[in-house]
Amino acid sequence: MKGLPVLSLLLWMCAVFFVGIYLFVGGFLLVRLEVNRTSTCGDVLEPGEEPVDFCRAQPRFRKVVLLIIDALKIDFARYDPDKTAPRPYENKLPVLEETVSSRPLQSRLYPFRADPPTTTMQRIKGFTTGSLPTFVDVGNNFASSAILEDNLIHQFGQAGKRVVFMGDDTWESLFPKKFYRSLPFPSFNVKDLHTVDNGILQHLYNTMVGDDWDVLVAHFLGVDHCGHRFGPDHPAMADKLTQMDGVIRSVIDRLQNDTLLVVMGDHGMTDTGDHGGESQKETDAAIFLYSPSPMFHGPPSQNEPDVVPQTDLVPTLALLLGVPIPYSNVGQVLLPLFPPHEQTEGAVGGLSQLEALWINTKQVNRFLETYSGMAKDIPPESLSRLKSEFALLSSEFLSTVREGRSPSPQLASSLQAYLTSVRDTCRATWARFNPLKMAAGLAILAFACLMCFILSELSLVLIRENGPLLKAPVVVSLTVGVSVAAAQLLIRGYIEVMWCLAAAAFSSELLFLWPPKRVSWLTLHHLLVPSLLFPLLRCASLLSDSYVIAEGRVVTFLVLSLALCIPIHLNWDGLLLPPSHDPLKSAGLLPAPALSPSAVRKESSTLLACLGILVGSLYLSLSFHGCREEQGSCQPSSFLSPLSRLQDNQLKNLHYVLAVISLGLWTYLLRCFLCHYGNLNSSGGTVFTARWILPLLSVCLGLHWAVSATPEDSFRNLAELIHLAQLALPRVAFCLLGLGLFLIWLDPLTVFVKTRTQASAKSLTLPTPRYRASIGISPQAELHHLIPQIYQRMRRSLDDGDLSGANEVDNRPAVEAYGLGTVYSAPLLLFSGLLGIGLLLLHPEGMALSFLLLLLETGALLHIHASSTTLSGLHGKYSGGFNVPWTPVVLWSLAATQFFHATGHLPTFPSIQWGAAFVGFPEGHTGTILPASLVTLNTFASHILFAVSCPLLLFWPLVCEVRGSRGRACGDDGEDAVMEMRLRENPQLFSSALLQLSTRYLLIHGAQVFASVCAAAILRRHLMVWKVFAPKLMFEASGFLVSSVFLLIGVTLVLRVDVAVGQWFKRLIPDVSR
């Protein structure tokens, strides 16, 4: 088999796709340009005065305590005394409502709206810089980088204020060496509810009573982690919120008159405890403001804001504490905290509402002028309008100050409207695109799809060409890439790697497509294959936000529809039922059918039975779907919740029993296949994995589920043992998984060899073997899975002229090889099954049933494909090719997407199951690579399993050949079917079929990526682009990358098995090799 050309071509195709994706994403998801300038005390001046040091003016407050309760949504902060049976998260913070009611001049409670993405790092950036985030910033939540823009922490430090921090260690990475004193605690372990909060409480009160601080920041994480682990509707949330209520009361009791208290959440959470998106439940947090001295000019009124944007905290805190507003701020001051202009007489320090608005407006206009001069991306008409508005407002305000008259009531409203307009303009502008990179990425992806199609259709021709096919494009691409890099270095003085890769990929594509004969045969007829209409429909649906939102059900419908087309098409061609009796065939005047009527009936029954299993699996898989915010009344599956979240013990026990049964059936079905085809009789590494590692891994997983579901407050005497088991069991499972996969790779053969004498070997009628090769299978069944007289078959294939084997030396042994008929599929199936259990370890326990449905669906698809191939052979004898039609490949790829949704995943960031990062690592991680890898494996588990097992589509019709399809058609000499050994009779056909299958699978996924890219490009100004289309693009591109890698792993494993089979034949027949 020509393994190197196959692998090289696939690597090249994947690389071209990767470059196209990288180029488009680089032009589509650009980070906003940061203005690295800082405000100073001399450039933000009080109106109407000579230039003075702004920071020397007496501020309204001397100190501020900033209590950040992570994920404090507004629903947690509200109090409703009429609720007699509140839910666990309701009415647990009564201190807020009590204080607002009893001290209306000293306190307020507002909804505090965050800008998406609602992840902690982006929110900290937002309420310290006053700037708006960009979509791509969400990726930085794993690895926070230092904030370079001007921010409150920097301004406090420049003004000489001592900032003391304690809590979430994200602050340390965002503001390195900016704190007077810092007490960070690890933040990413979402299962740890208490370490950060208890660490803060050990130091908070002692710090407050001291005098070595001016700004105290305490970031509590328990509420957020409780939401991630249990969800908001859980008793643990009630305990955590009650603890926070006590903290707030204690802090209020220790405040001094010149100190401001701000209690706030950085974001909210969904009903499942997640966040990251832009639903109102995720964006609406709470902010509570309090001071022992009056700071509001009256009780709450209708003029006060209904919602406070998070960016508004930045200018408000800056002016209340007497420091300059950060340079890049686009928020506006919270007016109720400043006295009206006519009430400033006799006020103790501070600014009036109009003065605060003017300083804020002046700062925002300065930022707008600086940014527009640097970035050039704000629309000129919007910029001109904003400049003229500011000129009018500035003239009116300064004339009012100079003349000493009272300002008009409309002036404050006009200043607020200007600030709002600037923020809206910036928000619309900062969806920045690079059209050139996007167009180049689209072109490379389009040509990559065309190349993939040509490779799949001309695989046999290209395999025969061998060398020149790949060498020329690679050499040219390297030459062009280096030339572009050299040109950039000479002209610009630096190298932009993205354009070098683009030039290399594009040149290799053009060189491949240049011979006109390669594309001249391509007509509309080749593209309009009926089964290709289904992926085309799916690709077209990606242009609709409604279809993307309902994608899980859409793909399920497409899989079901295409599967139903198979028996309908067979019946249309008259192949589903046995042919009617024809006297001419009985008389021998016409050729007899390839299969007997009983064989046809058996194949048809198998196909229809598997179709029923497929329909049942598809229907049941809908029970495991998650819910998007846009789906309204949708309720997510209860199986998505870990057992530790379930409060009903009966439901918890039911879920655990179903999970264990599903896991046991997964293991049993894998072993049944291997046992049935005689693959459990040898002593190699793969058989050892199947016999011992597979069941041990299943046991570890079942025990891990039991331990993880144990409540923390139960079995207190065994707490340390339970904690040790939570740590050890998944790590042991990881080790067993790694060992099993390594042994399969190292020794993939599952063949058991038995010799017998020539006398029995020459018999055409096989006797019952004296050795039971297949456990639990009758001797008659063993004969069907025995590759008989393999020695004679090998001799005939050596072209030595002795086709009959009659001249063999007396008593030279013939060979019986058990398991040789499934020599390729057995290790691949075991590899995929073992990997599936490892991926199940990263999912909630309830997903075990979904994984079992995945196994049943893949088995049904494989048998439907095998039966339809057998029935299609009724038109004539077997042609000798191994090509896999488009229909099963399309079904396989659609099933990967379908089970992405059936394992609880969605193409949205809030649906990411972050808990996978802590399986086996409950204490957290020191780096980001391992947790990111675990979350990726969890998210794209279905893509991984279907990609790595894709070659089974090539092998399965041969595995099922024992039922009489190709063996009868080709075996006129009476030989039994040889199953997968037929692949070695024509290595070129084998190589071309494997290449064709792989490129077809890549093409379908690549076309889906191309459709997502087109949707994002065309709809880049669509209302739903950042909520629907951009996340879909990111998930589709990531899924393609993961699928490509694991498809290459699956193909490489097949090539490894082929090498091992060749070595086995060498040992079998010394001095001769095929």
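One-based numbering along the chain as shown.
The backbone N, Cα and C atoms fix where each Cβ goes, glycine too.
Here is what TrEMBL says about this protein:
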TRANSMEM  6-31  transmembrane segment
TRANSMEM  442-463  transmembrane segment
TRANSMEM  469-490  transmembrane segment
TRANSMEM  521-540  transmembrane segment
TRANSMEM  552-570  transmembrane segment
TRANSMEM  653-670  transmembrane segment
TRANSMEM  690-707  transmembrane segment
TRANSMEM  728-746  transmembrane segment
TRANSMEM  849-866  transmembrane segment
TRANSMEM  940-959  transmembrane segment
TRANSMEM  1001-1019  transmembrane segment
TRANSMEM  1039-1057  transmembrane segment
Best-contacting stretch, by C-beta pairs under 8 Å, relative to the transmembrane segment (6-31) and drawn from 690-707, 940-959, 1039-1057: 1039-1057
Contact between the transmembrane segment (728-746) and the transmembrane segment (690-707) (at least 3 Cβ pairs under 8 Å, separation 6+): yes
Stretch with greatest number of CB pairs under 8 Å, the transmembrane segment (442-463) reference, 653-670, 690-707, 849-866, 940-959, 1001-1019 candidates: 1001-1019
Selection from 552-570, 653-670, 690-707, 849-866, 1001-1019, the stretch that has most Cβ pairs under 8 A to the transmembrane segment (940-959): 849-866
Intrachain residues whose Cβ lies under 8 Å of the transmembrane segment (1001-1019), provided they are six or more past its termini: 10, 13-14, 17, 21, 24, 28, 438, 441-442, 445-446, 448-449, 452-453, 456, 535, 538-540, 542-543, 889-890, 892-893, 896-897, 947, 950, 1025, 1029-1030, 1032-1033, 1036-1037, 1039-1040, 1043-1044, 1047
